[in-house]
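Visitor: As annotated in Swiss-Prot:
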{"type": "DOMAIN", "residues": "533-728", "note": "domain 'Glutamine amidotransferase type-1'"}
{"type": "BINDING", "residues": "Gly583, Pro584, Gly585, Gln614, Ser660, Leu661", "note": "L-glutamine binding site"}
{"type": "ACT_SITE", "residues": "Cys610", "note": "active site, nucleophile"}
{"type": "ACT_SITE", "residues": "His699", "note": "active site, for GATase activity"}
{"type": "ACT_SITE", "residues": "Glu701", "note": "active site, for GATase activity"}
Amino acid sequence: MYPADLLASPDLLEPLRFQTRGGVTVTRRATALDPRTALDPVIDALDRRRGLLLSSGVEAPGRYRRHALGFTDPAVALTARGRTLRIDALNGRGQVLLPAVAEALRGLEALAGLEEAPSRVTASSASPAPLPGEERSRQPSVFSVLRAVLDLFAAPDDPLLGLYGAFAYDLAFQFEPIRQRLERPDDQRDLLLYLPDRLVALDPIAGLARLVAYEFITAAGSTEGLECGGRDHPYRPDTNAEAGCDHAPGDYQRVVESAKAAFRRGDLFEVVPGQTFAEPCADAPSSVFRRLRAANPAPYEAFVNLGRGEFLVAASPEMYVRVAGGRVETCPISGTVARGADALGDAAQVLRLLTSAKDAAELTMCTDVDRNDKARVCEPGSVRVIGRRMIELYSRLIHTVDHVEGRLRSGMDALDAFLTHSWAVTVTGAPKRWAMQFLEDTEQSPRRWYGGAFGRLGFDGGMDTGLTLRTIRMAEGVAYVRAGATLLSDSDPDAEDAECRLKAAAFRDAIRGTAAGAAPTLPAAPRGGEGRRVLLVDHDDSFVHTLADYLRQTGASVTTLRHSHARAALAERRPDLVVLSPGPGRPADFDVAGTIDAALALGLPVFGVCLGLQGMVERFGGALDVLPEPVHGKATEVRVLGGALFAGLPERLTVGRYHSLVARRDRLPADLTVTAETADGLVMAVEHRRLPLAAVQFHPESILSLDGGAGLALLGNVMDRLAAGALTDAAA
């Protein structure tokens, strides 16, 4: 949104006077604010005053950094509907600027009409003329008016001054007309941009905030000494509003089937239909914004008071178009999976996403279309994919994202870059025009702002915009969330409908004020260890202290001693349980059998892990074998065959293994019962038929054994049953 070092620069605090390309004289002054509270007055005021706040709540090197910028009571508003753009002075300061704007528009060839009034200028663009595809963005449109305004105020050395606001979906039809089926409401606007003269900028990383104020001199006078202000435009709750969706049950699935038929005909490659969820909302928009920002930080966050009681609250994950110094960037997102219950669950979901052929195809098609968009306005050979299928995590979702760049060719500007991508394939489909016609024919309501963009058009020639998705539109007491899914030929109708609902979930919670819930934690182990003492025999192991920690979580008191000292301590300490740790080498290297004998002589229960199981097998006359390949740090599904240690656990568990030795099934002692095995029959757990002895070959303390809290639950059973003397009863 602005250079990373801007707020730290001493030059910003020095008054600056410059002249724009169109002859407007500008004076800039900046003052320091308390970064802890700088934005709060802006956010609170946006409940009733026109304005906007843009922020980024995430860090992604090379793509995003945390920052924020906001304002209220802008001087000028630019509003478009169809091919007409209205420019309004919102206060006395805006009235100083309006004559200069009118002068800049007089004689503009792209206009069919221009009306001037003291506080308003209305410009109507001419009908488009046929142009080569490379010049499509130069067709007469409301953007012709925007380009003239940008040229009037052009100031290459100021990175903050510009137009801020939102662009609606229907703007694309000025360049790609389609047959419109859906009736557009009378209050729909296609564009709303503000020209602010007071901005608050925050750099949370540097801990800096600045109020940046501008004064203007035009032929009509100076803004110096004129008050900032404007009318109230509050949100009006409606206690009679009802929740709902613009798709009845089964409707979206039928859209998916219709799309699949279009894919088979070759009409479409992909398409992204949406559905809108409505929630009554009595809370202030600022409250919804604060909840959403806290629960779902995103690269493109926005809170916009659009006037007329309409608001946007956004936490968009996707860059639309960013332009700086002639470099054009986009970050198309496609490929979605739900977050896991914890970090291990996330890892499994990331793997699922990255190995999904459908999700890979989704993003590939999006990026190929995106590259084509850039090729229209960029230098030959400059369009490159600089990031491929990168993972981004959000509160409920995991996405894959590409990063694409290009260099604008001579004669092209930021608006050309903006328009060539309208609208992003990630919210429309491909081929774009056919996809947009499909959306018009099958969606149940107009998109309004959804699928468009919001952000900044800079007077320095730059641009930073986010795609308008994961955005709440609030009006007349109702909050609306629209969400879509990318459909391909192999789409499952129910899964695509579920994806829409998943994408909308965090936003519906923010509307309702529903807490997302605390971060998931591992299930607590049974407290069977309360009051019990454990001696943990360390066989030079690298995981022994994690194992001790798990045992302590059962309430037990644990003492860890190296194998060379542990046996002598047995008689002195008389623990309630002896635990034989994993370790390198063979059981004989540590005389594990001797430790077991010493424990049995004292009547102490023994539990073994990995090497401990191998030592137990050898102690009772069994034999070990060497695996064809070591299994170190590998996850394995084991099948539970019974036994007290697995009481209450599922029949199949995923566990972590670190071993190259294994008990020979054909030489297993008759006194030992196998209670768990791998799919190919390898021994994974044993229990003694008469004595309080049990062991597992896998590592219950490994992160690979975290799934469902299996490792902790098993050790809870160890304390509850083995240490308590209940194991032999169960084994018998």
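Glycine too: its Cβ is placed from the backbone N, Cα and C atoms.
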Visitor: Between His699 (active site, for GATase activity) and Gln614 (L-glutamine binding site), how far is it from one CA atom to the other, in Å?
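Guide: That separation, Cα to Cα, works out to 13 Å.
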Visitor: Taking every protein chain in this structure into account, which of the binding-site residues Gln614, Ser660 has the most other Cβ atoms within 10 Å of its Cβ?
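Guide: Per the Cβ count, the most surrounded site is Gln614.
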Visitor: So if I measure Cβ to Cβ from Leu661 (L-glutamine binding site) and keep only same-chain residues at least 6 apart in sequence, which ones fall under 8 Å?
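Guide: Listed in sequence order: Arg586, Gln614, Leu624, Asp625, Val626, Leu627.
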Visitor: Please list, in sequence order, every residue of the chain apart from Gly583, Pro584, Gly585, Gln614, Ser660, Leu661 whose Cβ lies within 8 Å of the Cβ centroid of the L-glutamine site.
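Guide: Near the L-glutamine site, the remaining chain residues are Pro582, Arg586, Pro587, Asp589, Cys610, Leu611, His659.
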Visitor: Would you work out the biggest C-alpha to C-alpha distance among Gly583, Pro584, Gly585, Gln614, Ser660, Leu661, the residues that bind L-glutamine according to the record, and give it in angstrom as a whole number?
Guide: 11
Visitor: Who sits close to Gly583 (L-glutamine binding site): which same-chain residues at least 6 apart have their Cβ under 8 Å from its Cβ?
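Guide: Asp538, His539, Asp540, Asp541, His563, Asp589, Phe590, Cys610, Leu611 - these are the non-local Cβ neighbours of Gly583 (L-glutamine binding site), listed in sequence order.
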Visitor: Which chain-mates of Pro584 (L-glutamine binding site) that are at least 6 residues away have a CB under 8 A from its CB, listed by sequence?
Guide: His539, Asp540, Asp541, Leu611
Visitor: If you average per-residue pLDDT over the domain 'Glutamine amidotransferase type-1' (533-728), what number do you get?
Guide: 95
Visitor: Name the secondary structure element type, per DSSP in three states, that contains Leu661 (L-glutamine binding site).
Guide: strand
Visitor: List the residues of the same chain that sit at least 6 positions away from Glu701 (active site, for GATase activity) in sequence and have their Cβ under 8 Å from its Cβ, in sequence order, or write 'none'.
Guide: Phe543, Thr546, Leu547, Asp549, Tyr550, Val609, Gly711
Visitor: Count the Cβ atoms, other than its own, that fall within 10 Å of the Cβ of Gly585 (L-glutamine binding site), considering every protein chain shown.
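Guide: Step by step: centre on the Cβ of Gly585 (L-glutamine binding site), count other Cβ atoms within 10 Å, giving 11.
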